[in-house]
Amino acid sequence: MIKVEIDEGSGFCFGVVTAIHKAEEELAKGETLYCLGDIVHNSREVERLKAMGLITINRDEFRQLRNAKVLLRAHGEPPETYQIAHKNNIEIIDATCPVVLRLQKRIKQEFRKEDFEEKQIVIYGKNGHAEVLGLVGQTGGQAIVIESAEEAKKLDFTKSIRLFSQTTKSLDEFQEIVEYIKLHISPDATFEYYDTICRQVANRMPNLREFAATHDLIFFVSGKKSSNGKMLFEECLKVNANSHLIDNEKEIDPTLLRNVKSIGVCGATSTPKWLMEKIHDHIQLLIKD
């Protein structure tokens with residue numbers, strides 16, 4: 001008998017849960033609701049909310065909008081978004097994650113200090129990611145984004161550095177960057193770093209590694225756009241080479257189910273629990289066949 005188990009620690013983080021709840025609440029009123037960008041980096045959940053009436057728009061479409069209601073997702077937005085909304089009489093339903101909001105405020109405070117010209121505000125994150133765009137926006141576009149310790153080489157080590165992190169990045173990689181900067185910063189410059197990684201995300205990594213290591217086969221469920229999904233899937237691979245990234249049940253290769261005694265189903269902070277349950281049930285059907 002093959003055991004199939006869902007990782008109880010996987011699924012939406014509280015920021016995403018709040019954003020989806022706010023969307024459902026507004027849609028239940030029967031009014032038109034727009035969302036600036038995909039509410040979550042999971043196509044199946046986006047499709048579910050679209051069926052309920054949620055209209056996803058891009059930034060160009062947002063700029064053309066007038067007298068409407070727009071949901072801002074958990075990732076957060078730059079100040080410009082709120083300015084456009086005010087100008088165009090757009091009602092904002094703000095679902096920015098409180099962890100992201102606190103980070104935005106800290107970066108803005110650092111940017112407004114008198115000695116800004118003498119230092120660099122550096123953000124460890126994915127270039128172009130929605131959260132990172134919102135963070136860089138707090139500095140009027142002047143923050144430097146780096147994706148790795150390798151990219152830290154482009155920094156000016158004769159100038160002081162203030163380092164922040166996208167909330168969903170790897171704690172280990174953040175520490176690597178910290179050590180690299182400490183090693184190369186000029187004695188005349190100062191270096192301060194702020195561990196701004198969400199603990200709900202960071203704490204998942206050891207638990208996920210443990211879960212992946214206890215099963216013969218892992219199906220990691222995540223949208224292909226999810227930055228957090230890619231990072232967590234890599235953690236699964238480190239402890240279990242028989243880990244496979246899938247977006248939905250149709251991507252399961254039935255031949256993988258041969259000669260295994262236990263299968264684990266887990267996912268990213270952008271993966272809905274209902275989708276993992278659907279995949280669990282689909283695996284059970286394949287096993288019976």
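Cβ atoms are placed via backbone N, Cα and C, with glycine included.
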According to Swiss-Prot, which candidate in C35, C198 joins C13, C97 at the [4Fe-4S] cluster site: C198
Other same-chain residues whose Cβ falls within 8 Å of the Cβ centroid of H41, H75, H129, T167, S226, S227, N228, S270, the recorded (2E)-4-hydroxy-3-methylbut-2-enyl diphosphate site, in sequence order: A130, E131, T168, K225, G229, A268, T269
S227 ((2E)-4-hydroxy-3-methylbut-2-enyl diphosphate binding site) in three-state DSSP notation: helix
Residues near C13 ([4Fe-4S] cluster binding site) in space but at least six apart in sequence (CB under 8 A): A74, C97, C198, Q200, V201, T269
Near-site residues: [4Fe-4S] cluster, ref C13, C97, C198, CB cutoff 8 A to centroid: F14, G15, V16, A74, V99, V100, T167, T168, Q200, V201, T269
Residue with minimal Cβ packing [other Cβ atoms within 10 Å] among the binding-site residues H41, H75, H129: H129
Cβ contacts of S227 ((2E)-4-hydroxy-3-methylbut-2-enyl diphosphate binding site) (under 8 Å, same chain, 6 or more positions away): H41, K126, H129, Q166, T168, K169
